[in-house]
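First up is the structure itself, then whatever we jot down about it.
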Amino acid sequence: MNLLSLFVLIPLLMLLGLWIARNVNQVRGVMVAGSSLLLILAAYLTVSYIGLRQAGATEEMLFTDSISWYAPLHICYSVGVDGISVVMLLLSAIIVFTGTFASWKLKPLTKEYFLWFTLLSTGVFGFFISTDLFTMFMFYEVALIPMYLLIGVWGSGRKEYAAMKLTLMLMGGSAFLLIGILGIYYGAGGETMNILEIVQQKIPTEMQRIFFPMVFLGFGVLGALFPFHTWSPDGHASAPTAVSMLHAGVLMKLGGYGCFRIAMYLMPTGAAIWGDFFLVLTTISVVYGAFSAVVQTDLKYINAYSSVSHCGLVLFALLMMTRVSATGAILQMLSHGLMTALFFALIGMIYGRTHTRDIRQLSGLMKIMPFLAVGYVIAGLANLGLPGLSGFVAEMTVFVGSFQNPDLFHRTCTIIATTSIVITAVYILRVVGKILYGTCQNPEHLKLTDATWDERFAVICLIIAVAELGLAPYWVSHLISGSVEPIISQLIH
Amino acid sequence: MDYTILILALPLLSFLVLALAGMKMPHRVAGAIGTLSLGAVAVLSYLTAFSYFTAERTAEGTYPTLTPWNIDWLPFTQQLHIDMGIMLDPISVMMLIVISTVSLMVHIYSFGYMKGEKGFQRYYAFLSLFTFSMLGLVVATNIFQMYVFWELVGVSSYLLIGFYYTKPEAILASKKAFIVTRFADLGFLIGILIYGYYMQTFTFTPSEEQLMKAGMVLPWALGLMFVGGAGKSAMFPLHIWLPDAMEGPTPVSALIHAATMVVAGVYLVARMFPLFIGFAPSVLHWVAYIGAFTAFYAASVACAQSDIKRVLAFSTISQIGFMMVALGVCTSMNPHEGGLGYMAGMFHLFTHAMFKALLFLGAGCIIHAVHSNEMETMGGLHKYMPITHITFLIACLAIAGIPPFSGFFSKDEILTACFQFSPVIGWVMTIIAGMTAFYMFRLYYCIFWGKENKELHAAHVPHESPLNMTFPLMFLAAVTLIAGFIPFGHFVSANGESYDIHLDIQVAATSIVVALIAIGLATWMYAREKQPVAEMLARRYSGLHRAAYKRFYMDEVWMFVTKRIIFRCISTPLAWFDRHVIDQFMNFMAWCTQAFGVTVQPAQSGRIQTYTMWFLGGIILLTLVLLLF
């Protein structure tokens, strides 16, 4: 059996296990066992992928497999990974693993919560391993729908509104996406749904002109593309901790990944036609998100807008269409995934204690919960691009890569986008200064306790991942840039 | 020279140990770990310097540039990659000595100064982090490595300024320092990006071919890099963070905000010096003008401050201005013809680091004794604190430029270089040197002589500090006494060849006379118990005095920019726009869908009669359409 299919099989077995489980401890047992298996599997996949590449494997995708599923439409269950999907799988496995610990004490309906959570991760893993358009789309939908229930049932604040808004906007995006995918299918002759085969065909320019924006927008909504990002602040604010983590950490990456792997790879001419238009939108996202974050007062809103800015940078770098910038985009996805998950985990833990996320009501937390506060500072520093943590590596690759595109328009956009590093510093330090430093004003907060072991474990795992990527980026960058090559060479010619 | 890697590894290791396990250690152990590792670094730095400068020179008569260690850290393209490594050349070796010496002194001093403070271990961890970053910055093998460590020193500075994190002023100051320098770093980053793209390398020595092809973009790249340097080195108008940074513990001010980090900008210009001279001499002269204006501005503000650390901060800004001027007035690589400034600037960097650290550490002892930064709580302290008094005086004489103290020699070279460039700059800088002597001696008299605050001193008798605090003072004072006689030009000069420092009698005589007049003036105004002249001047020119005290309202201007423009005029409307326009549009779409649903709902009424009516109507309509067309 193919190694990659395990990424879908394990979550499915976990679903079964959860269904059978009788009490909370059994539920936790299943989750820990399953998510650690996934993590080990992802690590093993990474190692063996690198090993195969070093041994001289030159195919674009490794571990490929294909089973016919619905022959009349040429739908297959086909899988395969390249460097980009390998790092995305690794990222997802880390987030699912730490997310499990971050929602250790979640109540009520623990079992049901984890059921939906696992279903969501099935979708995510399935999406990253697929090379078939239709299968990919199916997994994409599997990942989106549980979000509605997870926010609607276990969320906080205006949860029904937020859940509905998020789902409807993302579904709107996937409606475009479906049309786009069908367009690609017929444009490429209607003989295959496999990405690797479609790319050999040439889709007519007129069709690319029509369908590129549909696919790009469809995925772009999930990647928080301006002006379709407004689901993100409300959605994140209402979502429970682990769902925010998974959503910002992994689900938003589906957007960037799809834009690159489907829209740009399969329709390079469309990308050339529409590139400048979307580049303007992404540049706006980058700066606009950062500026909006400056005046927010809810911790999660700040992070949601910061995600708009950082995910904007992913799409921005992709549209710069150089090898280095595309590598940077993938690194940025990885880095943003890790540090945002860390941020949301910490915000969730702080909120769980103080029952408020309003920065005007929080102060002096450094004295009260030093562990969480230090974690928050580290996450903040990673976010504003401190060397030695992941943000720096990703941002610098993006900026150096974007600068390789020498015409004036791209140059101008690059320089505008770089200003975000200053604004990021403004909103991060504002929050850190307000909520962590100073003396505690609220006597109720003095009684609060620091992180418990499960929380510490989740936070430490994420910090290690963030620091690893920041300190030794060579192997990841190398892994990604090799796989970016075929896609970029499509785009340049 | 393989051991040079330890110079970076030891402080990093000590940071990691203290950060991870420090909180559980007793204060002494944590301090000892930091200090011992720094001691080892200092020894290794001296060893490196000794073996580097005693080794053979190359055929051209320069010291070779060594790269004992270099790894590919983050690859971008074939040519562009961030390397991490160690590069030894005369200026980086000189900086190693400066940093390790001052840092070691500060480590020892902090044992006494920070005794019993909560977070003692955290303090030493941050000190190690800072030292590591600063050392990494100076030995950088390429511009991007420099930027990496540049950011790291920025963060360590942020953490140390905000060390007393419960104090609102400290929080604000740390935030301000980070954001202002980050803003400047944006220039640095764009400069690096331009440089990297057109030179196809991040190293300091681009290939001839690329230089020929794209030399004309270099002024832009170097100018933008200088913006970054101006931010770290507190050049006007990016200086506003430095005075506020004095909220950090005093030894930190001595290490970071006087001796090492703030000269990073000067070091950057010196590092890129060959390119500046070759391709962007006009940018280099702008560096000089900005430096000169900053030096003048800061010196005039320093004359009116009442907080002793603020006086020292402005004096630092002013002295860095001198260094920038020295580099900026160069017109060639030859120290005999217009390239003297390079050597002079580096020499002043070296001597200034020692005596300014001494001044700050002395100020720390004083603050320790009277528990305040304000001059009015001091006066007459020479009776209580003899060691601090003498060492402080030595440093004041050095900064005022009185021979045989070190500052005289380096400042004299700067002035000579200025006069070679243009007499106007030369005279301006001589006058600023006079102002320096004036405000330093104003400070000196107000602390140690002048009007004593007897009430306060009777209630709490000021005392001399313990040995672990006075030892660094004495050590640095000794260095200040002898550093002027170092044949600095033998080691560092613009083209690397050995250069004999010789005093220009005319310039030296002028500067000594000006300095003596300024000291005399300060003595006349501030040395006595009653200070009628100073009070009269402050009263008569109250507007000017107030403006200088308020630093010519530069902070207010910056507050206006950040609070009004960024918060009120950009962010708030944007956030409003997002919530009320874009989001409401999405909600409007949802509402439209719903409204449409409500409108067509009656069609599904469930009444057979209505359905039949519609059915029949449809049939008639269709028949009519078919019949008519």
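Glycine residues also receive a Cβ, built from the backbone N, Cα and C atoms like all the rest.
Taken from TrEMBL, the feature transmembrane segment applies to B:6-23 (among others).
Annotation source TrEMBL lists domain 'NADH-Ubiquinone oxidoreductase (complex I) chain 5 N-terminal' at B:73-124.
Here TrEMBL flags B:91-111 (among others) as transmembrane segment.
TrEMBL lists B:123-141 (among others) with the feature transmembrane segment.
The domain 'NADH:quinone oxidoreductase/Mrp antiporter transmembrane' annotation in TrEMBL covers B:140-433.
Feature annotation from TrEMBL assigns transmembrane segment to B:147-165 (among others). Using a Cβ-Cβ cut-off under 8 Å and counting only residues 6 or more beyond its ends in the same chain, the transmembrane segment (B:147-165) has close neighbours at 82, 84, 119, 122-123, 126-127, 129-130, 132-134, 136-137, 140, 171, 173-175, 177-178, 181-182, 185, 188-189, 192, 228, 232, 245, 247-249, 252, 256-257, 261, 264.
Annotation source TrEMBL lists transmembrane segment at B:283-304 (among others). With a threshold of 8 Å between CB atoms, the same-chain residues lying at least 6 positions outside the transmembrane segment (B:283-304) that come near it are 219, 222-223, 226, 230, 234-236, 239, 269, 276-277, 311, 314-315, 317-325, 327-330, 421, 425, 428-429, 432, 435-436, 438-439, 442, 545, 548-549, 551-552.
Distant neighbours of the transmembrane segment (B:311-329): 233-235, 239, 242-243, 245-246, 253, 257-258, 262-263, 265-266, 269-270, 273, 284-296, 298-299, 301-302, 305, 341-342, 344-345, 348-349, 352, 356, 359-360, 363, 399, 411, 413-414, 417-418, 420-422, 425, 429, 432, 436, 439-440, 443; these residues of the same chain sit at least 6 beyond its ends, with a Cβ under 8 Å from one of its Cβ atoms. Among the features that TrEMBL reports, transmembrane segment is placed at B:311-329 (among others).
Among the features that TrEMBL reports, transmembrane segment is placed at B:349-370 (among others).
Among the features that TrEMBL reports, transmembrane segment is placed at B:390-409 (among others).
Taken from TrEMBL, the feature transmembrane segment applies to B:424-450 (among others).
Remote same-chain residues near the transmembrane segment (B:471-493) are listed as 53, 63, 90-91, 94, 101, 105-106, 108-109, 335, 339, 342-343, 346-347, 350-351, 354-355, 357-358, 361-362, 365, 387-388, 390-391, 394-395, 398, 403-410, 499-501 (criterion: CB distance under 8 Å, separation of at least six residues from the stretch ends). Annotated transmembrane segment per TrEMBL: B:471-493 (among others), in sequence order.
The transmembrane segment annotation in TrEMBL covers B:505-527 (among others).
Annotated transmembrane segment per TrEMBL: B:611-628 (among others), in sequence order. Tertiary proximity for the transmembrane segment (B:611-628) is limited to same-chain residues at least six positions away from its ends with a CB under 8 Å from its CB atoms, namely 603.
Take the transmembrane segment (B:424-450) and the stretches B:6-23, B:91-111, B:123-141, B:390-409, B:505-527: counting Cβ pairs under 8 Å, B:505-527 has the most. By the Cβ criterion (under 8 Å, sequence separation of 6 or more), the transmembrane segment (B:123-141) is not in contact with the transmembrane segment (B:349-370), since fewer than 3 such pairs are found. Tallying C-beta pairs under 8 angstroms between the transmembrane segment (B:505-527) and each of B:6-23, B:91-111, B:349-370, B:390-409 places B:390-409 first.
The list of residues near the transmembrane segment (B:349-370) in space but at least 6 beyond its ends in sequence, with Cβ under 8 angstroms from a Cβ of it, reads 94, 97-98, 101-102, 105-106, 109, 113, 250-251, 253-255, 258-260, 263, 266-267, 308-309, 312, 315-316, 319, 323, 377-378, 381, 384-385, 388, 391-392, 394-396, 398-399, 405-407, 409-410, 447, 456-457, 460, 462-465, 469-470, 472-473, 476-477, 479-480, 483-484, 488. Remark: secondary structure over the domain 'NADH-Ubiquinone oxidoreductase (complex I) chain 5 N-terminal' (B:73-124) totals 29 helix, 11 strand, 12 coil, with classes taken from DSSP.
The list of residues near the transmembrane segment (B:6-23) in space but at least 6 beyond its ends in sequence, with Cβ under 8 angstroms from a Cβ of it, reads 30, 33-34, 37-38, 40-41, 44-45, 48, 86, 96, 100, 121-122, 124-126, 128-129, 131-132, 135-136, 139. Mean pLDDT for the domain 'NADH-Ubiquinone oxidoreductase (complex I) chain 5 N-terminal' (B:73-124) in this predicted model: 89.
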